[in-house]
Amino acid sequence: MQRITILGATGSIGASTLDVLARHPQQYSVYALTAHGRVEELADACRRFRPARAVVGSADAAARLAQLLAADGLPTQVEHGEQALCDVASSREVDTVMAAIVGAAGLAPTLAAARAGKKVLLANKEALVMSGQLFMDAVREHKATLLPIDSEHNAIFQSLPQHYARDPQAAGVAKILLTASGGPFLNRAVETLGAVTPEEACKHPNWVMGRKISVDSATMMNKGLEVIEAHWLFGAPADRIEVVIHPQSVIHSMVSYVDGSVLAQLGNPDMRTPIAHALAFPERIDSGVPQLDLTDMAALQFYKPDFARFPCLALAFDALRAGGTAPALLNAANEVAVQSFLDREIGFRDIDRVIAGALDAVPHGPAPSIEAVLEQDARAREAARAQVSTLRG
Ligand code: NAD
Ligand code: MG
């Protein structure tokens, strides 16, 4: 029996994880579920999976959840706050942690899971982008197992040799080919992008996801964050990572080898596949995803990305090349810009302007500790908010 904590259980990845777990009650049990605010949804999940512990964002939310669960006679212990998140991610009662909180808020508990030597299923790419080297050091030092949930990275993981040691050269890897759908605005006239609404940006052609990652997909910052994520997960320098636009999202990414071979992982675009893969690794379990029918499919297309249409992708490559705290600054400024766009304070084309402005205002430096990263994160948020005010002014 694998005992699991799901950080971010009420989100899109959280729901897909619960769906896979429900198919295999003999193999997995839920130790803890966490959510920020959606108390009713978390209460529902607690009724179905009967975790020992549940964590929410505030004392108010905790009181409401405790009341709901007590009414049903559930024994689940209710807690709140960041320390509680770290506790349920690192408890001795847990084997596996699904890190599916969105954004920098997931860093502390995801790092706590790594430091406790857990099997960490990483969906929360922002945590790794922020803390890159420090996170990978913690994984190695505490003998944690890190398995990628992001569909592209899961595909790359599956296309690499079994005992790959984060050294592309040694494994004969020429390039990592990171596929991207191009999002909802791939073919939209560039002049009209300034006027798109949050609703349009969140309508992804192939995937149903949380709002933040949906906007990131529309700007292609998501792919930029994934380039940085691939760098840390697979030890590949920026010039060995290539982004390929593939609007059908059937090939989830590829690895190109020096002998001319290209290995890929294909499947229907459904996050339950990478989730089931990582949960059961190195075995395989049913995920509920229908088998891919290649004869049912129209042509598969591939294009080079247009960096003028998607300036966020260029900003991310620059941050990776700059190193140190640059990716953390990029991530923090992006979180502020995306939230401001979702709140209709700025337009879609302002997102990259806010990020570029914040990066100009806060010089990056070395990232010797998590404290240093968090301090830079706070400064970038402040600078991004100043940019938002200027644009609104
Ligand atoms: P979501 O918005 O649907 O869910 C986010 C979850 O995090 C919720 O359970 C929410 O309660 C929790 N949360 C939000 N803010 C929090 C805070 N401050 N403190 C504690 N918990 C908080 O997001 P999602 O689409 O499920 O994405 C989750 C992560 O997985 C993101 O990092 C995203 O980039 C990554 N990811 C998602 C997909 C996808 O298909 N949805 C694919 C690949 C990677
Ligand atoms: Mg992805």
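In case you wondered, yes, glycine gets a Cβ from its N, Cα and C as well.
Fair warning: this is a prediction, and the values are worked out from it, not measured in the lab.
Pulled from TrEMBL:
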| type | residues | note |
| --- | --- | --- |
| DOMAIN | 4-132 | domain '1-deoxy-D-xylulose 5-phosphate reductoisomerase N-terminal' |
| BINDING | Thr10, Gly11, Ser12, Ile13, Asn124, Glu126, Gly210 | NADPH binding site |
| BINDING | Lys125, Ser151, Glu152, Ser181, His204, Ser217, Asn222, Lys223, Glu226 | 1-deoxy-D-xylulose 5-phosphate binding site |
| DOMAIN | 146-234 | domain '1-deoxy-D-xylulose 5-phosphate reductoisomerase C-terminal' |
| BINDING | Asp150, Glu152, Glu226 | Mn(2+) binding site |
| DOMAIN | 266-382 | domain 'DXP reductoisomerase C-terminal' |
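Features per TrEMBL, on structure.
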residue: Thr10; record: NADPH binding site; Cβ contacts under 8 Å, 6 or more apart: Ala35, His36, Arg38, Glu41, Leu42, Ala45
residue: Gly11; record: NADPH binding site; Cβ contacts under 8 Å, 6 or more apart: Ala35, Ala100, Ile101, Val102, Gly210
residue: Ser12; record: NADPH binding site; Cβ contacts under 8 Å, 6 or more apart: Val208, Met209, Gly210, Met271
residue: Asn124; record: NADPH binding site; Cβ contacts under 8 Å, 6 or more apart: Leu7, Gly8, Ala99, Ala100, Ile101, Val102, Gly103, Gly106, Leu107, Thr110
residue: Glu126; record: NADPH binding site; Cβ contacts under 8 Å, 6 or more apart: Val102, Gly103, Ala104, Gly106, Leu107, Leu225, Asn331, Glu335
residue: Asp150; record: Mn(2+) binding site; Cβ contacts under 8 Å, 6 or more apart: Leu122, Ala123, Lys125, Glu226, Glu229, Pro274
residue: Glu152; record: 1-deoxy-D-xylulose 5-phosphate binding site; Cβ contacts under 8 Å, 6 or more apart: Leu178, Thr179, Glu226, Ala230, His252, Ser253
residue: His204; record: 1-deoxy-D-xylulose 5-phosphate binding site; Cβ contacts under 8 Å, 6 or more apart: Ser181, Gly183, Pro184, Ser214, Ser217, Ala218
Of the residues in the domain '1-deoxy-D-xylulose 5-phosphate reductoisomerase N-terminal' (4-132), how many are helix, strand and coil by DSSP?
64 helix, 27 strand, 38 coil
For Ile13 (NADPH binding site), write down the residues of its own chain that are at least 6 apart in sequence and whose Cβ falls under 8 Å from its Cβ; none is a fine answer.
Met98, Ala100, Ala123, Ile149, Gly210, Met271, Ile275
Quick check on the domain 'DXP reductoisomerase C-terminal' (266-382): DSSP residue counts for helix, strand, coil, in that order please.
66 helix, 2 strand, 49 coil
Please go through the binding-site residues Asn124, Glu126, Asp150 one by one and keep those whose C-beta falls under 6 A from any atom of ligand 2; give the result in sequence order.
Asp150
In the same chain, which residues outside the set Asp150, Glu152, Glu226 have their CB within 8 A of the centroid of the CB atoms that define the Mn(2+) site?
Lys125, Pro148, Ser151, His153, Asn154, Leu178, Asn222, Lys223, Glu229, Ala230, Ser253
Sort the residues of the domain '1-deoxy-D-xylulose 5-phosphate reductoisomerase C-terminal' (146-234) into helix, strand and coil with DSSP and give the three counts.
42 helix, 11 strand, 36 coil
Going through the binding-site residues Ser12, Ile13, Asp150, His204 in sequence order, which have a CB under 6 Å from an atom of ligand 1?
Ser12, Ile13, Asp150
Sequence-distant neighbours of Asn222 (1-deoxy-D-xylulose 5-phosphate binding site) in its chain (C-beta under 8 A, six or more apart):
Ala180, Gly183, Ile213, Asp216
